[in-house]
Amino acid sequence: VQLSCNLINPNFFDLNMKQLISKRTIDKLSKLKATQILSHFHSKSSIPTSSLPPSTNWTKCRFFQIHNTPIPKFVSWSGKRFIHTDTATDTAEEMVSETEDDATMNDFLSRFVWIMRGKLMEVYPDFEKKTIDEMLLVIVSKVVSELEKGGFDQIVGGKSSLPSQDDDFSHDLWKTVWEVSNVVLEDMEKAKRKDKMKNFLQAEQVKEMCRFAGEVGIRGDMLREYRFKWAREKMEESEFYHSLERFKEEEQQGTEYGIGVVEHQSRAEDPKLVALPKRRGKINYKIYGLDLSDSKWSQVADKIHEAEKIICPQEPKKIDGKCKIITEKLLSSQEQDDYSPLIAEWVQLLQPSRVDWINLLDRLNNRNPSLYLKIAEHVLGEESFQTNIRDYSKLVDAHARDNRREDAERIIRKMSENGIVPDILTSTIMVHMYSKAGDLDRAKAAFESLRTQGFLPDMGVYNSMILAYVNAGDPKKGESLMKEMEVRDIKPSKKIYMALLRSFSQHGDANGAHRIATTMQFSGFQPTLESCMLLVEAFGKAGDPDQARQNFDYMIKLGHKPDDRCTAAMIAAYEKNNLLDKALNLLIELEKDGFEPGVATYSVLVDWLSKMQLIDEAEQLLDKIAEQGEAPPFKVHISLCDMYARANVEKKALQALGVLEAKQEQLEPEDFERIIWSLIAGGFVQDAQKFQGLMEARGFTVSEQLQVTLMASQTFLRRRPSVR
C-alpha cells in the first residue's frame, strides 16, 4: 500500500522521472491527431522481435490475472471517443470487428508495456520485478482509463496541459507516456506498411514491370530497387483511393445519422479530407516506371531526330521541264567545255539545297568521273551547297589517289583561303600523298601539323612516314618512329620491320639491321629466309664476314634452305675481304647438299674475278649465265667495263660502256666513280670526262681525289680513241 501511495504521489514521480525524460518539446507527438491515432487500432500488426518480449497475449499477463481487469472493447473510432459495447445484440460483423479491435489493443498495450518496463527498470534498477509490475499496472490502468473516457487525445495528441480531471501523475510521467505511445504507434504503422508492401511486391502490375525491365537488360540490385519503387508507388496510389472511399462513406454516414450542417462544413473545410491534392509542376508521364517527363528525354528525342536525318535523309527535288534539259547538258559535258553558264542557269531554275547538289554530283560521278572533280571543286564555292571540311577532304583524297599532287594542293590552298584548318583526315591524306611521292619534307610538315593540332597519328600515318624515311635513305629516323609506335602500344606490321631491315642492309648498317631483326623476334615474328639473307648482306657490306657466316649457318639451322640470292650475299661478304678459299669451300659444301648456283651467285663471282683480271674465268661464268637463258644483270656490265678497260681490251670495254651509258639512270655514285677510275686506268680519258659530266648531271658530286686524277690524266696519259 505504501508503494502504491508513493507511486501515485506526484512529488514522488517529480523526483525520479525527471531523470528519465528530457524537457524538450515533443514536436512529433503534437502532430498526431486523435482520429489518426485511433485509425492505427483498426489494423493487425505483428510485434517486432526487437521491441517485444516473447510473451503471448496481454490478457494472460500476471497484472490482469491478479486484478482480473477486463480489456475494454472498442467498436467505433470515428467519434473521437471510445464507445464501449457489451450488449447481447451484437451481430456477426460486430463480433469480428470486436475481435480485430481486441487484437489491435493487445498489440498496442504489449508494445507500450515492453518499452515502459525498460524505462522503469532504468530509473529503479534495485526494485524487484513484482514491484515494477505493480508500477506498470498503475500506469497502464490510468492509460486504459483515459482511453475509456476519451482522453487519449490528450495523452498522444501532444497537448501541453495535463488531464484536468486527474492529477495523480506528474507532468514528467505524462510526457513519458506521450512519448512511449507515439513510439508504439510509429512501430505499429511501420509493421502495417511492411505487411502491405509485401502484398504489393507480389502484385501483377509490379511483376509485369519487372519482367519488362529484365527484358531490356536491367538486373541485380537495380532491378530490386525498381521493384520496391514500383510497389511503393502502387501502395501510395491504393492508400489515396482508399482515403477517398473512406471520406465518401463518412459523408454518407453523417447524412444518415443527421450530423449537423456546421460539423459537416467544418469537416469539409479540411483540405486533406475533402479536396484532392493540388498538382504542382508538370505532369509526369510514366511508362513501365520510366519518367518520360524528365528533361533528359527531350534531349534523347532531339538526338533521335538528328539520327533520322542521317538514316532517312531529305529527298532531292523533282527535276522536270527546262531544268531537266539543263541537267542532261551538264551530265553530257566534256572537260574542255565551259560549264559555268549551265550551272548558273540550273541554280536559278531549281534553287537547289545541299541534297540536290549531292544528287547531281553523284550522277555526274557515275557518268563522267573526270568532269566530276572539276564541277565538285566549282560547287565548293556555292552558298547553297553548305560546304564543310569533309567536302574538301573528299576532293583532296580523290586527287591524292590518282597522284595529282598539284590539284590536291590547290584544294588545300582553297581551304586555307576560306579559313578552314585541315583536320586529322585531311592531314592524314597529305602525309600519305607526300610519302608516296617521295617528298619527305612536305610529309614531315603534314605529320607535324597533326601533332600540333593535338591529334595522335594512327598506324597508317606512322607506316607512311616510316616508308618515307626509308625511301629517303634515312632508316634511323624511321626506327625512332617505330619505337614511338611501340610506346603507344601500336604494334608495327611485318612490312614495316622488313622495310627498315632492308634499308639498313642496303646501307651496310649491320648494327641497325641486327636491332630490327631482334625487335622482330620479340614482337612475335619468326626469322624468315629473307630476313636472314638481309642480315648476311648487312654484315657482308659492313666487312664482317664472320658474323655474316654465323647468320648464314643460323638460317640453315632454322630449316631454311639457302637460295641463289642468299648464297650470293654470303659470297659477296667473302669477296669484300678477298677470302676466295672460304668462298670456294662454301660452294662445295652447298653443291653436296644439292645447291646449284644461279645468276646472282655467278654475277658476284664475275665481279670478283674481274677485279682480279681473270678474264677467261670470268667469261666462262658469263657463258654459264647465258646457258640459264637469262641476260647478264646490269651490275655485271659494270664489272665487265672495269675488267676490259683495265686490261686495255678496247672493243669489249667500249661495248660494255655503251650499255652503261644507255642505262645511266640505274647507276649509283659509287658505280660512276668505279667506271671513271677504270677508264682513266685504261687510258680512256675522253670517255672518263664524258661520264664525269653524266655523273654531275645526275646531281652526284665527284670526289676530290678523282677530280685531281682526271685533270692529271689529261696532261700525262695518252688518250685512247673512242669507237663510235
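In case you wondered, yes, glycine gets a Cβ from its N, Cα and C as well.
Database features (TrEMBL):
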{"type": "REPEAT", "residues": "388-422", "note": "repeat 'PPR'"}
{"type": "REPEAT", "residues": "423-457", "note": "repeat 'PPR'"}
{"type": "DOMAIN", "residues": "446-548", "note": "domain 'PROP1-like PPR'"}
{"type": "REPEAT", "residues": "458-492", "note": "repeat 'PPR'"}
{"type": "REPEAT", "residues": "493-527", "note": "repeat 'PPR'"}
{"type": "REPEAT", "residues": "528-562", "note": "repeat 'PPR'"}
{"type": "REPEAT", "residues": "563-597", "note": "repeat 'PPR'"}
{"type": "REPEAT", "residues": "598-632", "note": "repeat 'PPR'"}
Tally of DSSP helical, extended and coil residues in the repeat 'PPR' (458-492): 26 helix, 0 strand, 9 coil
Folded-back contacts onto the repeat 'PPR' (598-632), same chain, C-beta under 8 angstroms, at least six residues removed: 563-565, 567-568, 571-572, 575, 580, 583, 587, 638-640, 642-644, 646-647, 649
For the repeat 'PPR' (493-527), distant same-chain residues with Cβ under 8 A (at least six beyond the ends): 459, 462-463, 466-467, 470, 473, 475-476, 478-479, 482, 534-535, 537-539, 541-542, 544, 547, 554-555, 558
Long-range Cβ neighbours of the repeat 'PPR' (528-562) (under 8 Å; 6 or more residues past either end): 498, 501-502, 504-505, 507-510, 512-514, 517, 520, 569-570, 572-574, 576-577, 579, 582, 590, 595
Mean predicted confidence [pLDDT] for the repeat 'PPR' (493-527): 92
